[in-house]
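Asker: One structure coming up, written as C-alpha cells, with questions to follow.
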Amino acid sequence: MTKFVFVTGGVVSSLGKGIAAASLAALLETRGIRVTILKLDPYINVDPGTMNPFQHGEVFVTDDGAETDLDLGHYERFISTKMTRQNNFTTGQIYESVIRKERRGDYLGGTVQVIPHITDEIKLFIRNGVSDAQVAIVEIGGTVGDIESLPFLEAIRQMSVQLPHHDTCFIHLTLLPYISSAGELKTKPTQHSVKELREIGIQPDVLLCRSDRPLPLEERRKIALFTNVREESVISAIDVDNIYKIPALLHEQMLDEIVCHRLDILARPANLTVWKKLVHALEHPEHEVSIALVGKYVDLTESYKSLSEALIHAGIHTRCKINIHYIDSENIEQHGTGCLTNMDAILVPGGFGKRGVEGKIMAISYARNHRIPYLGICLGMQLAVIEFSRNRLQLENAHSTEFDPDTPYPVLGLITEWRDRCGRVEKRSAQTDLGGTMRLGGQECLLKPHTLAHKIYGADKVIERHRHRYEVNAEFIPQLEQAGMHISGLSAEGDLCEMIELPQSEHPWFVACQFHPEFTSTPRNGHPLFKSYIQAAISFAGQSDRTKLHSRNVQESVTTDSSN
C-alpha cells in the first residue's frame, strides 16, 4: 500500500514547496524507493492552459498531453518517474467531476456539499494518481489560511485519520524572515502558521524553515517547543545558488531518514554521487557563453523555467557556464538588434499572440545573416519560416494566419486534424474552445537521414512533446526546400513539418523545431538538441573578434547580393 507525504506551505507563497518535494523524492529514489509526486492546485481553472504566463508562469506539458503546473517540470527533472495528467489536478477539475456525478444522479438525490462530496473526490483523485508508488509526495498549492486551500487540507486530514498511523507524514514549509534592525531571524510567523495548521487538525511532523541564513540552535529549539515538532525535525532550508544542491542540503540534516522513520520504511542508505557530480560540473565550468533568449514574457523568467533549466543541463554536460540574457522582443522592435551584438547564440521560444512577433523575426534574421547559432522552439520555428519566406523567397507580408488572417502568403496555418498519442483523430477549427484543444503531448517525429537533426539525435525517430495549434503550410514546403531550407523532421504520418534547418555550408548551426525539447531535459542526461546548441555556441564564442566580424561581414555581403 502507498504511503503519503503531504507538503504544505505557510506565511507566504512561492517558498519552493515544489523544489522541496522534488528534492525529498530524489533522496527517497536514491534509497531504492519507488516514488511519485502529485500537485494539488486550489484555483478554479480546470488547468493552467489558458492562464496568463505573467500570473502562473510556465505551463508544463506531460507526455500524455496534460497542461500542468510548472512544478511537474521540477518533479520530472529530479526523479525518473514521468508525470501524467493524474499527477496534477485543480479545484476546477474536482468541482467539474462532482457536478457531472450529481447530474448523473450518482448521489441519489442527496445534498451535495464540500464535506463529504468535495473532500471525497479530492481523496479519490489522490489515490488514482499514485499508481504503484511506494511513497507519494503530495504538494498542496497555496498557503495555510487561504480559503481556496481548505477543502484540500481537510481531505488530507481525513486521510491521515483513515490510514494507518505510519502511512502518512506531514511536512510544512515556512518562512523565517531576517530583520536586519534586530539582527535576528524571527520565528513568530512560523509559530502562527503551524498554529493555524493545527487548528484544522493537522500536526506537522517536519518543518522546513526557509531563510537566507542557517537556523541558529536557539531558534531551532524555540520553534520545536512552540510547534510541537521534534527538534531534529526542524530543518534549515537556506537559500542556495542552484537548486541541484538542495537534495544534499536536506540529506545532511537527515530529512530522508526522518521521513523513512516516520513512515516505518526500511531502505538502503542514500547515494548522492550523481547529484554531487552535477553540482561539481556546474561549479567548475571550462567554457562560458551568452545566450539571448528573445521572448515576450521575459519580465517573469518562470515563464521559461523548463527552457532555462534545459540550457543549464546542457551546460553541465558541456562543462559550460550559461549566461541567459532575457530580451524583450518589443525592445528589438523599438530599438533594433544592437542588444544581440555580443551574444554567442540566439534562442526564440514558444509563445502566443501577436505582440512582439516582429521583434522576434528581426532577431531570427540577425542570427541567420550573422551566422550566429540559432535555436527556434515552437513559435520560434514558425517565425523562422516566416523570416525565411520574406527575405529569401521574397514573399512580402508572408505570415501566419494566427497573426494575419488575410496574409497573401499564409506560410503557417491552423491544424485542423491530427492524431493524438493514442491514435485517435483530433479535429479543431478556429471556433473551437481554447482550453485543452491544442496538439498536445508526446508525438513521434521522423528524422531525415544526413541532416544535422539526425546527427544530433543519432536516431531515425524520436518522441517529443508538443503544445501548438498552428503548423507550416504544406503548400509552401517545396518553395522553402528549393530556396535552401531543409525540412529535417516530419510527423509520423509525414504530413506535418516538425523540424527545419539550414545547411551547415550556409550556416554553422540553425535549427528549429515545432515541439518543446525542454520538457524532456533532465540534469542527469541533458537533451541532445540543447547540448549540440551549446557546443555550437562554445565554438562561436571561441572565434576571435576579427574572425567573427569577418564572418558577419561576408554573410551580410552574400545576403545583400542574393537580395539584389
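Keep in mind that glycine also has a Cβ here, set from the backbone N, Cα and C atoms.
Below are the features I grabbed from Swiss-Prot:
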- Cys378: active site, nucleophile (ACT_SITE)
- His516: active site (ACT_SITE)
- Glu518: active site (ACT_SITE)
- Ser13, Asp146, Ile147, Glu148, Lys186, Thr187, Lys188, Pro189, Thr190, Gln191, Lys222: CTP binding site (BINDING)
- Ser13, Lys186, Thr187, Lys188, Pro189, Thr190, Gln191, Lys222: UTP binding site (BINDING)
- Ser14, Leu15, Gly16, Lys17, Gly18, Ile19, Asp71: ATP binding site (BINDING)
- Asp71, Glu139: Mg(2+) binding site (BINDING)
- Gly351, Leu379, Gly380, Met381, Gln382, Glu402, Arg469: L-glutamine binding site (BINDING)
- 290-543: domain 'Glutamine amidotransferase type-1' (DOMAIN)
- 1-265: region 'Amidoligase domain' (REGION)
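Quick one: where do these features end up spatially?
Answerer: Annotation note: Cys378 (active site, nucleophile) sits in a coil segment as assigned by DSSP. A C-beta separation below 8 Å, combined with a sequence spacing of at least six in one chain, links Cys378 (active site, nucleophile) to Pro349, Gly350, Gly351, His466, Arg467, His468, Cys513, Gln514, Phe515, His516.
The number of other Cβ atoms within 10 Å of the Cβ belonging to His516 (active site), over all protein chains shown, comes to 22.
Following the DSSP three-state reduction, the secondary structure of Glu518 (active site) is helix.
Note: Lys186 (CTP binding site) has non-local neighbours Leu176, Pro177, Tyr178, Ile179, i.e. same-chain residues 6+ apart with C-beta under 8 A of its own C-beta. Secondary structure at Lys186 (CTP binding site), as computed by DSSP, is coil.
Contacts of Thr187 (UTP binding site) defined by a Cβ separation under 8 A and a same-chain sequence distance of 6+ are given as Leu176, Glu219, Lys222, Ile223, Phe226, in order along the sequence.
The Cβ neighbour count for Gly18 (ATP binding site), using a 10 Å radius over every protein chain in view, is 25.
Non-local contacts of Glu139 (Mg(2+) binding site) by the CB criterion (under 8 A, 6+ apart in sequence, same chain) comprise Val7, Lys17, Gly18, Ala21, Ile37, Leu38, Lys39, Leu40, Asp71.
Neighbour count (other Cβ atoms within 10 Å of the Cβ, all protein chains): 17 for Arg469 (L-glutamine binding site).
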Asker: Rounded to an integer, what is the Cα-Cα distance in Å between Ser13 (CTP binding site) and Ile19 (ATP binding site)?
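Answerer: About 13 Å separates the two Cα atoms.
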Asker: With DSSP assignments reduced to helix, strand and coil, which class does Glu139 (Mg(2+) binding site) get?
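Answerer: Strand, per DSSP.
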Asker: If you measure from the Cα of Glu402 (L-glutamine binding site), which of the recorded positions Gly16, Ile19, Ile147, Lys188, Glu518 is the nearest?
Answerer: Glu518
Asker: Have a look at the recorded positions Lys188, Gln191, Arg469, Glu518 and say which one has the shortest Cα distance to Ile19 (ATP binding site).
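Answerer: Going through Lys188, Gln191, Arg469, Glu518 one by one, the closest to Ile19 (ATP binding site) is Glu518.
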Asker: Of the binding-site residues listed here (Gly16, Pro189, Gln191), which is spatially closest to Gly380 (L-glutamine binding site) when Cα positions are compared?
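Answerer: Comparing Cα positions, the closest of these binding-site residues turns out to be Gly16.
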